[in-house]
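The region 'CH (calponin-homology)-like region' annotation in Swiss-Prot covers 2-121. What Swiss-Prot records for Ser2 is N-acetylserine. The phosphothreonine annotation in Swiss-Prot covers Thr61 and rests on similarity to another entry. For 132-258, 306-389, 433-453, 509-627, the entry in Swiss-Prot reads coiled coil.
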Amino acid sequence: MSDQIKFIVDSLNKEPFKKNYNLITFDSLGPMQLLQVLNDVLAEIDPKQDVDIREETPEQTAKRMLSLLGILKYKPPGNATDMSTFRQGLVIGSKPVIYPVLHWLLQRSSELKKRAYLARFLIKLEVPSEFLQDETVADTNKQYEELMEAFKALHKECEQLKTSGFSTAEIRRDISAMEEEKDQLMKRVERLKKRVETVQNHQRMLKIARQLRVEKEREEFLAQQKQEQKNQLFHAVQRLQRVQNQLKSMRHAAADAKPESLMKRLEEEIKFNSYMVTEKFPKELESKKKELHFLQKVVSEPAMGHSDLLELESKVNEVNAEINQLIEKKMMRNEPIEGKLSLYRQQASIISRKKEAKAEELQETKEKLASLEREVSVKTNQTREFDGTEVLKGDEFKRYVSKLRSKSTVFKKKHQIIAEFKAEFGLLQRTEELLKQRQETIQHQLRTIEEKKGISGYSYTQEELERVSALKSEVDEMKGRTLDDMSEMVKKLNSLVSEKKSALAPVIKELRQLRQKCQLTQECDEKRTQYDSCAAGLESNRSKLEQEVRGLREECLQEESKYHYTNCMIKNLEVQLRRATDEMKAYVSSDQQEKRKAIREQYTKNITEQENLGKKLREKQKAVRESHGPNMKQAKMWRDLEQLMECKKQCFLKQQSPASIGQVIQEGGEDRLVL
């Protein structure tokens, strides 16, 4: 109880109550103050409960709190008699009643807020059946039930969206970005429309463009179907290969094996399968059923808090301790008799456990073998699709590895030579750049000097003359060469070309294969990038379209709610208009019978009747006031007379009693002797 009070005080001192209590001040609160604290906690859960209990009677306060606690599904401890004491304690503000309620409410405040909010919309209003005979009331009640179901669906969807990780800020940013993009697209469309309208036959061109778009979509759809059919064919080929491998393995086993070994293997499989079916699977099924039964039982029970769980854990520990004690007593009582039986039982349980472990290990090994076989078939299919060859095995694979190693060494050498050439080329390119820069600076300096001296263009003309003379000398040299030199050179070149061709023939052949593979890898990379970009674009388009669909659905729901609301208002106005027209017809009608049916006539008749009744009552009141004084005197006289008669009766009874015989009674100044 002290922990309960401490938790209540700590919770009341926090937000949003800020009561600033301690254990002593909280324990010293009176009944009215405790009820006000309870009402404040209930008002935090349901704002409708925010009232001052001093303005209510205790019965009204208790009724209001009990109704809200019933909605929140609070279960008071005890049976029906305890329920009556609970109600009485709630009326008078009893601490043993209010403390558990406060503890329960403060433990589950967030959950109870949600429950109170939902109860405001989901508690159905009970309409009497006689009122439902009216069509308007029945239609309104039906719309009310439909709106309640729609609220349930929307609330469920809202909770799913809250738990899905979408934030409202991100959604708003996305909506604003989409609106901006929509405006930009609309502007672009308008500009394109204006630009297209000036072109001749633009309608025909638009029609052709529309047909082109439809055909492209159809082409994409057909490509998608083709890809799906390829996937189906690939899966079918995989299944065929798997079945062929199984058939091959079975044929191989049948070719090598004898009938005795086959029968032995089949007997082992039958034993294993019968054990799995008769012993292992029924036990697992029974355990799963028990677990399912326990889970269903837990789900059907109301939600429990931390204190309830601690209480259940303590009960479970106590029961386990009692079970252990009983087992120890039984073992002590039956130990000399059942010594051998317990030994046999232990051995049987050990053997059964080993059997179960081996069965599980065998099952796991079979599953692992099947998965490895599937993986091998997938890898073989991938290699066959990549280069169209079968997977190498044994000596072929070794020869392929040795050949690949020799080629890799040659490739490394060639790669090293290419790297050296690249480095030399970079060095020469850098020196060329430096020389060009230096030449430009010298040319610039030379031009400035020529401009200063007044002979601009001299260096250019001199360079041209030198170039022309050099060309002329080269031409002269070329003319001076003899035909013998040319023939020798041709022979040398031909011999060199033939040698190089013979030396480079295997390299060119290997290079051609490598180039084909490189082209395939490049095409694969290009296709992969195209696929990734296309997938990203389609994903973004899909997300945009989903957001647009969600927004349009929300708009549709809003428009539907507006439509239902306007229909209700129209029906109400039609009913009022019908009543007003009926009233006007009855009021304007010359028939007195119709006029009597009019509401105005009925109200005027009721008013006159009430006025006459008021006059009669005022006259009666006046008569009562006039006769009030005499009647009060008369009533007083009657009461005095009753007292006098009662006194005489008492005196007479005293005279008649036997105790008064022989006594002298003096009354009214006279002496009497009663015999």
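In case you wondered, yes, glycine gets a Cβ from its N, Cα and C as well.
Just so you know, of the modified residues Ser2, Thr61, the Cβ with the fewest other Cβ atoms around it within 10 Å is the one at Ser2. In terms of DSSP secondary structure, the region 'CH (calponin-homology)-like region' (2-121) contains 91 helix, 0 strand, 29 coil. When averaged over the coiled coil (306-389), pLDDT in the model lands at 75.
Cα separation, the residue listed as 'N-acetylserine' to the residue listed as 'phosphothreonine', rounded: 27 Å.
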